């Protein structure tokens, strides 16, 4: 078990300006002459390359037949370039939407500009006139620029159209060629170099993986060494070591990869005291030097490009640098210029002549970058010997390197990359193919040489020119060379006799220095004379990038890459997700003093050993509170035994047990269900003796153990462990207890409710390249924005919103236009229930989910770059200042693992309230008559469905006036209760279970009446059996109630005064089991008890009668005596459990309501309650029509009026 202790750093950081330096933004293209522009083709004269200037009256467009168009600009000198701006062709439908930019010092050697994340695709325009400006994340130097259009507008006949401008400033270049046998030494003034801070800078390009760039040492153990090692830049710096304190002051830093690509790389080293920043191109690593010293003390000299001294041609194990150096500055001192000027501080060992120009090797690499890429070149036909040699570099595991078919149908030879090896396959007609492999881990991104020679009965392959160990295959076969060779893949149109056939994928990577039959292949001449073919190749450059440097996988996840993608392996990191960004679980761990095994002997059941557990760094109340508020907790428990029983005791009392949170003993062990009396082996059926539920209960004279996690959270943490069977001869037990580990929070998690259109501001997010968001919400609104963060112009933003009742949308613009991920829920999300939302965005994908529904995922293509550079504050509850406001509750908002303090931003005046409380809690006029308040946060509504009333507050009485002889019948059920229904209700006899309408142990009855006439049966409820309930107005005006449950009819006096006075009177009757509570008007309630002899259930209610009883069958004599002439008067607000007969009659919500009326029954409120006039929200006010309506609701605010006006405009 590992315990992680960490400090969580906020995702917020101060705003840093990323604007281009003002002193290096000169326009570079507008001042050029036409001769500086070159293109692969042109549409016609009016679309020539020299018209490709920003704000020009035309633009460049290539020929429609141009398979690989490009636009090239010669800047005439070297510049430091900071940005590019593009437009489409003037007044047209021609513009480029995506492009790649190449740059270089020569027009035949190119370097692709690579954005962050390994993306070489730059965003272009969306119309012809607006300027799209791309600021480079690191400045580069170049004399020549080439633009390659990748996609363009095709609507309305659109085609490629480009106008552009570059921004930068002149760059003075001082270069020096290093050949590995030369070196330059800068002699320190006074032969000593002692500084607190330094700034070193240099540029280099090379084809070598290893080489020394800078080196110096001091007698006190100080050292400064900058070197290339396996294509990576490594800095070793030491400010001094201490032999007394045994401190090694050396610090080693590494940055970059595959830097042996013959492209310029820009290195900067900045140091202040022990703080060191090492930068290559745009990648910076920071370190703090070991030791306690802050000054660096170097002696005599600093070597540049290598170390050459008498009897020392180079440093041990570090070869001298071979390549070109440019602008080597040491704290502002230009070393190369001093060398050119032969300054006395410069020493050149062996007095060699230095060369101040780069001797570029005229290599012509090519990049295989498309899904169907291939290169076809000619060969000498029918020669008895075959020689093929080439170099390649790639990240892919598989791909076709080379294929050729022999003459005279003698077979074919295939070279393929498979699992990092070169697989050689020799096909022979009528024979089994020969296969063998050579090399190891050749897909590491470095250049590798493949040399194949073949003649009759012999084939030899050499990898990386290791002549001492070529792989040779001798087998009967015949070689006659074919006339064509295919590299990187096979063409799709492949109808020739000597066609290319393979089952391998296309190769993606770079190749160079191809030799066929010992003759170098000049790609330019072959293509110019049309001797060869190619598709989807990038000529003159190697566009390989290392997507794993810097490592995009967070929390030390392992990065594995291919040509255009990467994956992160997150095992053993504690995180998950595409870039190991999302925490599996944030565990809180509490340790104690019983984590080391405790030995127990001599204990008995009567006198057991009691091992108390003392938790560290937390009181018992704090540990208990942690378990109580967490979603999940666990604690490992281990009992090792030698003839010591655990749970199995003859009298049922366990030998050993543990005591939990509430001082209660628990007789189950780790891995078993709570209170099961078992151990984990009984659950897994792995116990040593199947007769027992624990391994230790077998009572063997050898060591066994019972162990596992205790996971019933309400019993944790463990307070004591009691051991009681170690007193027999040889008996012994050891127990240990793991730390308590908890995660999650089941409390209300920092909750606020938005009751007005408003928002909460938090500091601007600085998430880098990935972000994960989680929160919970509840609302009744059909839409609303949960959160948004953006820049000033909404060109870079993220937003999560409820778009419709069932659509949850994650919208973002983080590098390649506005995109979104939409989760379509099968159920409404505005049901005013809590819903859990999770969202994630990184360079691989964007996804969102709600509750337990599947993720909605949008995967990004390879070479995608995600940049989240926001400038506005994070808004919670709205977007862009009250646009689509959210009304409802939010809680547990976490961004990149950090919980945002919502409650700390609560402001009642602004409409942000602590906890999830809306208008229902403090309603000005609450819902009447037990109606349910439906929370609207900005307002509320009353659900009158289960009441006998109507109106906004369920305050409007629904009553009826009954003339003489009139009556109403409401049908509760049409048939008696079945036995199955009776048993179902008997098993679940909840007092609120009125939905089935039978076998009720509870009744709720309420109504109002007014009359001058007596007698009358005001309300009568019949059943399919003999049970009934009646409220009778007797001749003297007093009120009685009759209950028959089973065999006995019980009589209750509700009122002793005359109620037939024409005034409204309110009656409420509630029964729960055998307790009856009655109340008339506002008198004191009367509580009666039904005797135990009587049944406590009202079996199978059938009908409700108002006015008179017209039931079929036998009716009690007392009911008959008061049934004529019936009610003459008014009755209102009638409700029996969930049934409201008068509301069903006058406010029906079904086609055939179960109501029968005889005689004259008319609607009336009966004067039972005075009308209530109160605030009604404009959304529910039927009289509120437009903004011009004279009455304005003062508490709605200006925003709502504006929103209402906009909706109608």
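Each Cβ is built from the backbone N, Cα and C atoms, and glycine gets one as well.
As given in TrEMBL:
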type	residues	note
DISULFID	889-916	disulfide bond
DOMAIN	24-169	domain 'F5/8 type C'
DOMAIN	175-358	domain 'Laminin G'
DOMAIN	364-542	domain 'Laminin G'
DOMAIN	544-581	domain 'EGF-like'
DOMAIN	749-916	domain 'Laminin G'
DOMAIN	957-1166	domain 'Laminin G'
SIGNAL	1-18	signal peptide
Does the domain 'Laminin G' (957-1166) come close to the domain 'EGF-like' (544-581), meaning at least 3 CB pairs under 8 Å for residues 6 or more apart?
no
As a test of reading the model: what is the averaged pLDDT for the domain 'Laminin G' (364-542)?
89
For residue 916 (disulfide bond), just count the other CB atoms lying within 10 A of its CB, please.
20
Just how many other Cβ atoms lie inside 10 Å of the Cβ on residue 889 (disulfide bond)?
25
Using DSSP, how many residues in the domain 'F5/8 type C' (24-169) fall into helix, strand and coil?
16 helix, 70 strand, 60 coil
Counting only CB pairs under 8 A, let me know which of 24-169, 175-358, 957-1166 has the most with the domain 'Laminin G' (364-542).
24-169
If you run through the domain 'EGF-like' (544-581) with DSSP, how many residues end up as helix, strand and coil?
0 helix, 10 strand, 28 coil
